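Engineer: Okay, here's the structure, questions in a sec.
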Amino acid sequence: MAGAIIENMSTKKLCIVGGILLVFQVIAFLVGGLIAPSPTTAVPYTSVKCIDVRKNHHKTKWLMPWGPNPCEKLKDFNEAVSRQIEANDIVFAVHIPHPSKEMSPWFQFMLFIMQLDIAFKVDNDLKENAEITLDVSLAYRDNVVDDWKEITHAVEIRKLKCTFGSPKTLESEGRHYDCDFLPFMEIGSVAHKYYLINIRLPVNERKGINVGIGEIKDIRLVGIHQNGGFTKVWFAMKTFLTPSILIIMIWYWRRITLMTRAPVLLEKVIFALGISMTFINIPVEWFSIGFDWTWMLLFGDIRQGIFYAMLLSFWIIFCGEHMMDQNERNRLSGYWKQVGPIAVGSFCLFIFDMCERGVQLKNPFYSIWTTEIGTELAMAFIIVAGICLCLYFLFLCFMVFQVFRNISGKQSSLPAMSKARRLHYEGLIFRFKFLMLITLACAAMTVIFFIVSQVTEGHWKWGDMTIQVNSAFFTGIYGMWNLYVFALMFLYAPSHKNYGEDQSNGDLGVNSGEELQLTTTITHVDGPTEVYKLSRKEAQE
């Protein structure tokens, strides 16, 4: 009777915890959908054509498109021809942001893509596989009366991929090519109020520089930055979740260290998963508001990579440790075939990220996709990572199949087992099915919300209420994986409750040595988990 009361209390506690987690999950989605604005904003910019006829101009002066000291402007290139102004003396100037506005550190990053307006002209046609050379400079200032200070200067080459939908005849002159967007610039921080970009298209017919690129009419940029309101909501979530996961992680490890045995492999992996989740949660981004930390994007990629690698490793080891009759358990070396592809794939993606965002720390105009060698190298890393991911999922599916096959075999023979051994296998079966259900639900939610956020306009309107779908996706999925890790550590923490001889041994009819084998996949564990206590009541009935 007392045992049934205790198990009812455990079941009730699990239900309460599950309900609380569900409430927090709903809140995570609502915070992004109702409170946070859209995650990012795209701002179009049209460059102003300035005249600069001085020698070595890019080293001595910055040309402003507007303001108290604006540059001398050109309306179009016909004016330049009539005034005999050479192409090397024309500067395309872009001020960020637009007049009467300021940039803010809450914007976190700036990503720019370029679009060229190229007109068809019979005597100046766009050659196939043409390349455009850009002489670009970036400067900043924090006051409208201050001098511009250079951030970087670079000479970059971009491949032009354009199509022309009409016959290339005299009647088609003046029509524009349809050109793909070009990667232009990415900066991992927005530490200053004003930025200025000066772009030159140097022409050197002898060296073939900017020859055969058509008649460029305008240069347009699209700047993308994170919304300040979303950044504040995101920081607040990180600040709240960091102590939550940290507390449950300390509690979980303390429960393990109180045991008379050493931690088993599955417990170590769950703890490592908690550490990687905490590593993502720690809101170091708060410092980016006061410091010019351009490496934050790269650092964020590394943190996410570590978490996903640990999550994939956990799923493999979780399945392996539930191979009930497998002999080579509780050893990481036994999973080298399955964990190996994760390590190789993660390393390839890390190298790719270092070749892209790592170089951008010095040159924000750099892109690995702009050269043939860079493109081939990037594709090689991505293909190898994709192959590793496919191998991983093949291993994972095979292991899940093996576990379910073992479960089917054990379930048919459960009635013939002793109560102790039957409880052991029923506990394993319940835990595996329970966590598999949660894992599939989390994965499905991630995929569904990602698809919805891509195919919708970014927000839904219900009467007077606007729901930001993209923001809900980010905050909801981020909160969901935190709750997933929280649930893992809660459910797999060993219990130290003393059930008494009449409950733990008398009801089961087994000795204490056999009782100690009911709690996990390893037979020398001496404390039941919360999931086991839930399944124990069903087994007794």
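Just so it is clear, glycine is given a Cβ too, placed from its N, Cα and C backbone atoms.
So TrEMBL lists the following for this protein:
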- 48-226: domain 'Wntless GOLD' (DOMAIN)
- 227-496: domain 'Wntless-like transmembrane' (DOMAIN)
- 233-253: transmembrane segment (TRANSMEM)
- 265-284: transmembrane segment (TRANSMEM)
- 296-318: transmembrane segment (TRANSMEM)
- 339-359: transmembrane segment (TRANSMEM)
- 379-407: transmembrane segment (TRANSMEM)
- 428-452: transmembrane segment (TRANSMEM)
- 472-493: transmembrane segment (TRANSMEM)
Engineer: Short question: which residues 6 or more past the ends of the transmembrane segment (379-407) have a Cβ under 8 Å from it?
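Structural biologist: Those are 312, 315-316, 319-320, 322-325, 337-338, 341-342, 344-346, 348-349, 351-352, 355, 429, 432-433, 436, in sequence order.
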Engineer: The transmembrane segment (233-253): which same-chain residues, six or more beyond its ends, come within Cβ distance under 8 Å?
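Structural biologist: Distal contacts: 28, 31-32, 35-36, 270-271, 274-275, 277-278, 281-283, 285-286, 471, 474-475, 478-479, 482, 485-486, 489-490, 492-493.
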Engineer: Flag the pair the transmembrane segment (265-284) / the transmembrane segment (339-359) as in contact if three or more Cβ pairs fall under 8 Å (sequence separation 6 or more).
Structural biologist: no
Engineer: Mind checking which residues of the chain, 6+ beyond the ends of the transmembrane segment (296-318), have their Cβ under 8 Å from one of its Cβ atoms?
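Structural biologist: Long-range Cβ neighbours of the transmembrane segment (296-318): 108-109, 186, 188-189, 265-266, 269-270, 272-273, 276-277, 279-280, 284-285, 288, 332, 335, 338-339, 342-343, 346, 349-350, 353-354, 357-358, 361, 392, 395-396, 399, 432, 435, 439, 481, 488.
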Engineer: Which value does the mean pLDDT take for the domain 'Wntless GOLD' (48-226) in this predicted structure?
Structural biologist: 88
